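The structure appears below as structure tokens.
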């Protein structure tokens, strides 16, 4: 059951979910979701992307084979069932139904209404994303997948959807010959930490994440090439 009022969406009992590969028509939503995750981590001052630069990164300037370049999976929700008729040569959408433990109140529904459904449904909304790309390591003789981030809008957290989205990326890796799925886990976020452990991720506490960026990186620039 669902109701809409003043651009808000209320869903009770069941929500229908689709995971699909993002495309250029989704760029405005991806930009907003990327901003929201920076907001969640108090890093908005570091968010330098624009819709145009993201589009170039993810689509126009991404000549890599599927899933080797920057890739985004979107998780869409709807109060009515999806039909299993969407034909996508690159990636077959994953469909699932969730029984809700609590009512979903989405005050951003109109802002995140999907523009790229590939069908005639008018009640499809983007709830979250997974961002990943291929990486390489001397430990393996094949590429792995670097899982950069997983994010859900506030209305769709704690509903069990994270497992579907992460599991879809893991299935992509397993089915396409990638050696691993790896990424960074925030040790301060116990729920996130426990989530990845429960998904089968092995945490290596003896390693620390390092980054060379900004002025520290520019010190290495060759002035003669500027």
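Here the Cβ of each residue, glycine as well, is placed from N, Cα and C on the backbone.
Mean pLDDT of the predicted structure over the region 'Important in binding site and for catalytic activity' (29-45): 95. For 29-45, the entry in Swiss-Prot reads region 'Important in binding site and for catalytic activity', with the evidence type sequence analysis.
If you look up Swiss-Prot, you'll see 72-222 marked as domain 'N-acetyltransferase'.
According to Swiss-Prot, the site 'Important for catalytic activity' annotation covers 157 (among others). The Cβ of residue 157 (site 'Important for catalytic activity') lies under 8 Å from no Cβ of any same-chain residue at least six residues away in sequence.
Note on residue 160 (site 'Important for catalytic activity'): other Cβ atoms within 10 Å of its Cβ, all shown chains, come to 12. DSSP gives residue 160 (site 'Important for catalytic activity') a coil state; it is part of no helix or strand. Annotation comment: Swiss-Prot describes 160 (among others) as site 'Important for catalytic activity'.
Feature annotation from Swiss-Prot assigns site 'Important for catalytic activity' to 162 (among others). Residues within less than 8 Å, Cβ to Cβ, of residue 162 (site 'Important for catalytic activity') and separated from it by at least 6 positions along the same chain comprise 128, 150, 152, 195.
Taken through DSSP, the region 'Important in binding site and for catalytic activity' (29-45) splits into 14 helix, 0 strand, 3 coil.
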